[in-house]
Amino acid sequence: MAVSVFSGVRLLSIGDANGDIQRHSEQQPLRLEIKMNQDAAQIILSNNEETCVFKCTVLRETECSRVGKQSFIITLGCNSVLLQFASPADFSSFYNLLKICRGQKGDRSVFSDRTEESSAVQYFQFYGYLSQQQNMMQDYVRTGTYQRAILQNHTDFKDKVVLDVGCGSGILSFFAAQAGARKVYAVEASTMAQHAEVLVNSNRLSERVVVIPGKVEEVSLPEQVDIIISEPMGYMLFNERMLESYLHAKKFLKPSGKMFPTIGDVHLAPFTDEQLYMEQFTKANFWYQPSFHGVDLSALRGAAVDEYFRQPIVDTFDIRILMAKSVKYTVNFLEAKEEDLYKIEIPFKFHMMHSGLVHGLAFWFDVAFIGSVMTVWLSTAPTEPLTHWYQVRCLLQSPLFAKAGDTMSGTALLIANKRQSYDISIVAQVDQTGSKSSNLLDLKNPFFRYTGTTPAPPPGSHYSSPSENMWNTGGTYSMSQGMAVSGMPTAYDLSTVIGGSGTTVSHNNLIPLGTDTHALNTGIVNHTHSRMGSIMSTGIVQGATTAQQGPSSASLHYPVTNQFTMGGPAISMASPMAIPSNTMHYGS
C-alpha cells in the first residue's frame with residue numbers, strides 16, 4: 001500500500017443537520033497521511049501528539065471536489081470536511097494521487113512530460129527485480145565508496161533530515177542512518193519500494209527511515225531536508241536521465257543543504273583501436289552478400305554500417321590507446337537546473353601526444369562527494385578498478401589521421417530524448433590538415449563488448465623484446481612482470497590522463513577502498529590483477545573465457561544473469577540503462 005504524507009493541513013468541518021450551517025475547525029495544522037490501493041484512498045489526519053483527529057475512506061463514488069487553488073472538500077453523509085493544504089504544490093500532489101486512486105488520469109508531472117510511457121513502464125519494472133539491485137550492490141567500488149563518503153562525513157548527517165532519491169533497496173538510506181541521520185525519506189518509484197520497506201522494518205529502523213513509494217517529481221515530503229543522497233549516474237554519466245530527477249529533488253532541499261554526490265565530471269579523449277573499428281565493419285559485411293540463399297542483400301549494407309556505428313561501445317580498454325590528455329566537462333549538482341541537461345554541448349580541443357588514426361572518442365566519468373570533513377571520489381576512469389559503468393567509446397565512421405603535436409577540435413553534443421537517454425552528435429577536425437569526420441550515435445542502444453579478459457595494449461607498445469626479457473627473468477613470467485619490463489612506465493598517475501583540477505576537489509582526495517594494494521593510482525601495470533576478469537563478487541569467474549562466462553556473444557558483459565537472457569545474442573540487464581537492438585537493458 002503506497003503512503004504519502006503532507007504537513008501543515010488545516011481541517012474545517014461543515015454540517016447542516018438542524019437546518020443551520022455549523023462549522024468547526026482545528027486550530028493547529030495537522031499531518032495528513034494518505035494510504036492508497038487500487039480502489040480506495042484512506043485519509044488520516046493527526047495532530048502533533050500523533051492523535052488521530054479525522055479518518056475517512058475515499059472511494060470512486062465518494063462525493064468530493066477541489067475548492068480554489070489549495071483546498072479539497074469531502075462529503076460524508078450530512079457533513080462535509082474541507083482540507084486546506086499548506087501550498088498549491090502540496091494540494092496538486094494530493095489531488096493527483098487521489099485522481100489516480102479513483103481511476104482518473106492525473107495531471108502530468110515533469111517526469112511524464114519528458115518520458116515515453118512505454119519507456120517508463122519498462123524502466124521501473126526492471127528496477128523492481130531484486131537481482132538487478134544485487135548486481136548494483138555487488139559493485140564493490142560503487143557501494144563501498146558511497147558508504148565511505150557518508151560515514152567519513154558523518155557530521156553532515158548527524159541528527160539531520162535526509163532524502164534518498166531512487167532508493168532502490170534502500171542501501172544508501174541505511175548508510176545515512178549509520179551516520180546518525182534523524183530521519184531519512186527514501187523515495188522509490190518501482191515495486192522495489194515494498195522490499196525496501198521490509199528491510200527497514202527487519203533492521204528496526206522504521207522510526208528513522210520512511211519509504212515513500214512514487215516518483216520524486218510527484219511525491220510530497222512532510223519537511224524540508226538537510227541533504228540529498230542518490231545514485232543517479234548512468235553510462236557516460238547522463239544516460240537514464242535520472243540526474244534530472246536528482247536535480248528536481250532540490251525543491252525539498254534547505255537553502256544551505258548538501259548533495260551527495262556534489263559534482264560530476266565527464267572526461268573524453270581521442271583513442272585509436274583498429275581492431276574495434278574493423279569489428280564493426282565486419283559485422284556490417286554480412287549485408288554485402290550478393291546471394292544469401294539466392295537473395296541479394298547488398299542494398300542494405302550502407303544502412304547496416306550506419307546502424308552498427310550508431311552504437312556506443314560499452315567495455316574497458318588499455319589506457320595506452322588514448323592519444324591525448326582528456327577534456328573535462330563538469331556539472332555542479334548544487335547549481336545545475338533540470339533544463340541544463342536537455343542539451344549538453346561539450347567543446348573540445350585535444351593536443352595530440354601520439355601519431356596515428358583517431359577512431360573515435362572515449363568517455364568516462366568521476367563524481368565527488370564534497371563533505372564538511374573530506375571529499376571522496378568515485379571514478380570510472382580506465383586506470384581505476386572496474387565498475388559496472390565500464391567506459392563508453394563512440395566511433396567515427398571515417399577515422400582521422402593526426403600527428404603528435406597536432407590539435408584536434410570539435411564538439412560532442414548530447415540531446416535528451418523521451419526514451420530516457422541521449423542522441424549523441426560528434427564532429428571532429430584535425431586543425432593542421434582540415435580533415436573532418438562526424439557521427440551520430442544512440443546512447444539507448446549500445447553494444448556491450450566487455451568479455452572479462454584483460455584489455456590488450458595497442459600494437460607497437462613494446463620497446464624491447466618481450467621474448468628476450470622473459471628468459472632474462474629466469475623463465476618466470478607473470479603478466480605484471482611482462483608489462484613492467486616492456487619498456488613502458490611501471491606506474492601511471494591518473495592526473496596524466498585526466499585534465500583539470502579544482503581547488504576544493506582534487507584527485508588526491510580519492511580514498512582507496514578494499515585490500516588490493518594496487519587499488520589507487522598504480523596505473524595499468526599493477527592494475528592488471530584488479531582488472532582481470534570483472535568486478536569482485538559479481539559471479540563472473542576471474543579470468544574466465546567468454547565461453548565459460550555465459551551464452552556466446554560479443555555482447556557479453558557484467559554480470560550475465562540468466563534470468564534476463566533472451567533469445568538471440570547474449571543479453572543482460574545488469575548495467576546502466578541502455579537497450580540493445582533486440583532487448584531492454586537498464587541499470588545504474
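The backbone N, Cα and C atoms fix where each Cβ goes, glycine too.
What Swiss-Prot annotates here:
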BINDING   Gln133, Arg142, Gly166, Glu188, Glu217, Ser245  S-adenosyl-L-methionine binding site
DOMAIN    120-427  domain 'SAM-dependent MTase PRMT-type'
REGION    473-588  region 'Transactivation domain'
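What Swiss-Prot annotates, mapped onto the structure for a quick look.
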| residue | record | CB count, 10 Å |
| --- | --- | --- |
| Gln133 | S-adenosyl-L-methionine binding site | 20 |
| Arg142 | S-adenosyl-L-methionine binding site | 20 |
| Gly166 | S-adenosyl-L-methionine binding site | 24 |
| Glu188 | S-adenosyl-L-methionine binding site | 29 |
| Glu217 | S-adenosyl-L-methionine binding site | 21 |
| Ser245 | S-adenosyl-L-methionine binding site | 22 |
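In the three-state DSSP assignment, the secondary structure recorded for Glu217 (S-adenosyl-L-methionine binding site) is coil.
According to DSSP, Arg142 (S-adenosyl-L-methionine binding site) is assigned to a helical segment. In this structure, Gly166 (S-adenosyl-L-methionine binding site) belongs to neither helix nor strand by DSSP; it is coil.
Those residues noted as binding S-adenosyl-L-methionine (Gln133, Arg142, Gly166, Glu188, Glu217, Ser245) have their most widely separated CA atoms at a distance of 25 Å. Under the three-state DSSP scheme, Glu188 (S-adenosyl-L-methionine binding site) falls in the strand class. Mean pLDDT, taken over the domain 'SAM-dependent MTase PRMT-type' (120-427), works out to 97 on the 0 to 100 scale.
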